[in-house]
């Protein structure tokens, strides 16, 4: 057993988990439960009253957090200590949304001035493009942006841009390319005019396989359509640490934006990686996005554990994963603009906490990161919600909804909200056999049939959920929401004593992919790998099965 599972608090939580009353009873015996188990911060309201938790549960979870030195670990992250120990890096995505007045030291120097300089450079670039001052090689203004990246360099900008669609500049369109599948970029290029298209290449090394391949294809298309190599600088910019490679490609050094080792890819949308966002919504709105995240940073860093929104959400998720064998967590967004958030949170959580050894290399003997999945309401109610209500697995849920719609048409939003709240109520209370039987009382079914159908209509309830509300989806509230999930992820990793900031599984896939690529291009059939891999590679070389 690890020190964590040997601890008296862990053992107490394990025993306590078997004795928590049904939520129906918890609500019936405490009319003030919502008031006691809801919290407002940074433009968000968290209702966590529909959880399998009592005051004793929360006390034990907060004790577990304290005994795991959570507060000290939070301070260490914000202070720029080397908490990504396997890569010997600080973790300072929070510095990207700091104020100009702050001082944050990384590797012996204050990094805030460089962050502010980059924001100012972004401001000038965005102004140049959106005003029409930036011209393509034929003198036309830019109408289309193509963001080329992968992982955090792709998903963050895409999902945030999608979420903030009401704030877009109507004169610009943005297209996102990530997959190395040639179909992805080919379909995008069919829509574009090379004279008015600007490509943003985002890769720290300027060598990420998928990103470089897509960028080279974009340049070939640009040159084939009439552009010259000398025109590349008017249509390609880069976010990278490798200035030499970017300039060799044809990008003007003045149009290269920096990346830093102390920012992980899945936490990078707040940096120049967010340039596509800034172009679409403007720098004022981009700064509002940063400001909302900064407010959540301040809340996370300073609020006591018992009143700390990311801490509470992280602890409750851990509670279900480690003491109720919950293997997944569903995120349900009741706002069409937020439909991409489950995929973003999936990458954030699963890449961060999909680990199986502690910081000192000991194998864990407890579950770590769950599978994160989800979708938008009300679509899911006609699909996978069935499993949430009557399936055998316990799947905690997060419901996210703005109180006000950007498109208040008729009763649409009233119906959306009623479905959202109704789902949380149904998951909590369920339906008993007697209730199901009573509903069938006036039906034409026989007594035997009623008994049978009633059994099928029983729902156990006691299914946990959080509800997150905001007045309206704005850059600021979106920033706070994303930062909330970042810090929630950190909380769990800190208690599990794992490194939430490396991704060696991703790196292994890259290494083996490059090896396979070389074998695909070889002159002889492959026979050096396992039988399955040899066969698959050789079938691919033949081009038929």
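Every residue gets a Cβ built from N, Cα and C, even glycine.
According to Swiss-Prot, the features are:
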type	residues	note
ACT_SITE	351	active site, proton donor
ACT_SITE	382	active site
ACT_SITE	510	active site
Long-range Cβ environment of residue 510 (active site), under 8 Å and at least 6 residues apart: 209
Cβ packing number for the residue listed as 'active site, proton donor', 10 Å threshold: 22
Residue 382 (active site) and the residue listed as 'active site, proton donor', distance between Cα atoms, whole Å: 29
Cβ atoms near residue 382 (active site) (within 10 Å, other residues, all chains): 8
Three-state secondary structure, which DSSP defines for residue 382 (active site): helix
